[in-house]
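Quick look at what Swiss-Prot lists:
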- 449-472: compositional bias 'Low complexity' (COMPBIAS)
- 554-573: compositional bias 'Pro residues' (COMPBIAS)
- 503-522: domain 'UIM 1' (DOMAIN)
- 585-604: domain 'UIM 2' (DOMAIN)
- 610-626: domain 'UIM 3' (DOMAIN)
- MET1: N-acetylmethionine (MOD_RES)
- 442-474: region 'Disordered' (REGION)
- 534-590: region 'Disordered' (REGION)
- 595-614: region 'Disordered' (REGION)
- 47-76: repeat 'ANK 1' (REPEAT)
- 80-109: repeat 'ANK 2' (REPEAT)
Amino acid sequence: MIPANASARKGPEGKYPLHYLVWHNRHRELEKEVRAGQVDIEQLDPRGRTPLHLATTLGHLECARVLLAHGADVGRENRSGWTVLQEAVSTRDLELVQLVLRYRDYQRVVKRLAGIPVLLEKLRKAQDFYVEMKWEFTSWVPLVSKICPSDTYKVWKSGQNLRVDTTLLGFDHMTWQRGNRSFVFRGQDTSAVVMEIDHDRRVVYTETLALAGQDRELLLAAAQPTEEQVLSRLTAPVVTTQLDTKNISFERNKTGILGWRSEKTEMVNGYEAKVYGASNVELITRTRTEHLSEQHKGKVKGCKTPLQSFLGIAEQHGGPQNGTLITQTLSQANPTAITAEEYFNPNFELGNRDMGRPMELTTKTQKFKAKLWLCEEHPLSLCEQVAPIIDLMAVSNALFAKLRDFITLRLPPGFPVKIEIPIFHILNARITFGNLNGCDEPVPSVRGSPSSETPSPGSDSSSVSSSSSTTSCRGCEISPALFEAPRGYSMMGGQREAATRDDDDDLLQFAIQQSLLEAGSEYDQVTIWEALTNSKPGTHPMSYEGRRQDRSAPPTPQRQPAPPASVPSPRPSSGPGSGGHVFRSYDEQLRLAMELSAQEQEERRRRARQEEEELERILRLSLTEQ
């Protein structure tokens with residue numbers, strides 16, 4: 001609603017009063033207008049920006065401070081899909097980035113606390129269970145899947161209590177962080193106690209989550225980022241990865257040959273599942289570098305490995321303003337001299353001109369096919385039991401956030417006992433739900449409910465044996481001691497030094513790049529073979545056959561891995577200072593990589609042909625016998 005005095009004014013001042021004041025950096029008048037509360041603080045201007053987005057893009061710090069203090073949403077995206085924080089980084093203004101980052105973290109905490117009662121109600125209604133979520137990483141590039149570790153999340157749910165055990169903690173300084181941790185969520189009436197149990201250090205960090213009684217200033221003070229955190233953002237590219245599913249379609253996978261094809265089903269952890277393929281899934285990665293110095297831009301380019309050069313990725317580079325010639329510059333925030341009348345006129349076409357620092361953007365797009373294994377008879381409910389847990393984990397875990405984005409689609413009926421979704425351009429994540437209520441492997445803290453261990457009357461022996469999982473895993477009883485702090489552990493408050501857990505994709509993206517290189521320095525040169533086998537420069541990774549033989553052979557202390565037969569021996573180092581071998585040319589590296597992929601593909605085709613011939617032979621024999 002626009003106030004009477006604003007509606008009486010003509011032009012942009014009347015239609016977009018907050019935006020107009022932001023444009024002219026009149027922060028004192030903006031404060032009065034916002035305090036009056038008669039204008040929507042999230043109103044969009046003709047270019048798809050909120051007042052906060054416009055203030056950030058223009059670098060008007062005091063206007064941004066006023067809007068943030070009155071609750072402007074930091075998480076909103078503009079028409080181009082960029083957040084307020086990403087636009088703040090583009091300005092290179094350290095104080096502005098620090099301010100926006102502080103309020104972003106504060107608003108996340110408030111939203112998380114406000115959602116506690118809803119989450120508690122969902123947990124209260126859901127049936128108790130124990131389940132294991134196994135994360136595996138796969139890739140179409142041979143041997144690359146080993147660059148990401150696998151992990152099994154163990155989940156206990158009892159009443160309003162939840163516990164998740166993990167060994168994969170996250171990423172810090174471009175490396176994968178491992179440890180033995182438990183996260184306990186213990187619900188109360190309108191609040192919850194959260195414990196992070198560090199089993200390696202025998203320390204328990206506790207925190208009470210409740211929006212009521214929380215002091216706003218204390219929460220804001222706790223969200224204050226360090227200068228190091230701000231500088232790390234200003235010296236790294238802005239990276240965002242999106243899973244575009246607007247054109248997604250699900251189809252049943254087929255099996256068999258020619259006229260003998262049928263809909264595919266597979267057994268997954270004792271459950272018969274229908275296999276679906278999801279097509280038209282696009283993974284879009286956008287990278288902005290206009291805020292980086294030439295030195296840091298050089299580092300980013302140096303991180304590009306030969307592997308990234310031949311991947312099947314459509315890559316577009318956009319220079320400043322996508323090629324628009326900038327002939328006059330009023331300021332860094334308005335390099336193409338756009339006037340207020342032009343900006344606020346919805347009928348005026350700006351073309352490639354825009355506000356803010358000229359954007360240097362790289363966009364990578366690749367199409368993927370996701371897979372689903374759905375069981376209609378599974379005891380777990382995706383919406384009632386699993387979704388609340390994924391929502392809780394997605395707050396601070398980028399992998400769970402992507403899983404949540406996928407399962408919120410309109411999936412075919414059934415529980416997804418296994419899901420394979422793209423995470424990055426060369427990596428898929430395969431998530432498998434198993435050991436429900438400790439039915440596959442006993443869990444000391446879990447025992448089956450007496451009512452769930454007896455098959456229903458009237459069931460014959462064959463049906464009992466074939467559906468043992470579904471009959472004996474319907475319920476369980478979980479020991480209350482699981483949700484208590486272990487004896488002998490030190491108890492500490494919630495304030496502690498910890499790596500920032502950010503659900504942005506940039507740290508994860510860099511961790512994967514670093515794993516691909518796995519060299520002592522980002523300047524080390526790696527060959528295609530080293531990238532594919534994840535070996536350090538100068539080493540000789542063994543062939544696929546050698547690896548297979550090595551698994552079956554007893555361990556030998558001094559075993560030296562042999563180079564693959566199809567790869568020519570690299571030249572010896574030319575001197576004591578040489579850091580490793582280098583192949584003769586990029587063309588040779590590319591040829592070797594494609595050779596390796598072709599061998600892998602040929603092996604898959606050979607196995608498929610062999611299976612089809614065997615099936616055809618069996619069918620012919622069966623027809624002959626008849």
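Cβ atoms are placed via backbone N, Cα and C, with glycine included.
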What parts of the chain pack near the repeat 'ANK 2' (80-109), using Cβ distances under 8 Å and only residues at least 6 beyond its ends?
48, 52-53, 56-57, 59, 61, 64-65, 68, 73-74, 219-220, 222-225, 227, 229-231, 233-234, 238, 240, 242, 286, 288, 290-291, 332-333, 356-357, 359, 395
Under the DSSP assignment, what numbers of helix, strand and coil residues are found in the repeat 'ANK 1' (47-76)?
17 helix, 0 strand, 13 coil
What are the DSSP helix, strand and coil residue counts for the repeat 'ANK 2' (80-109)?
24 helix, 1 strand, 5 coil
The domain 'UIM 3' (610-626) [mean pLDDT, rounded to integer]
69
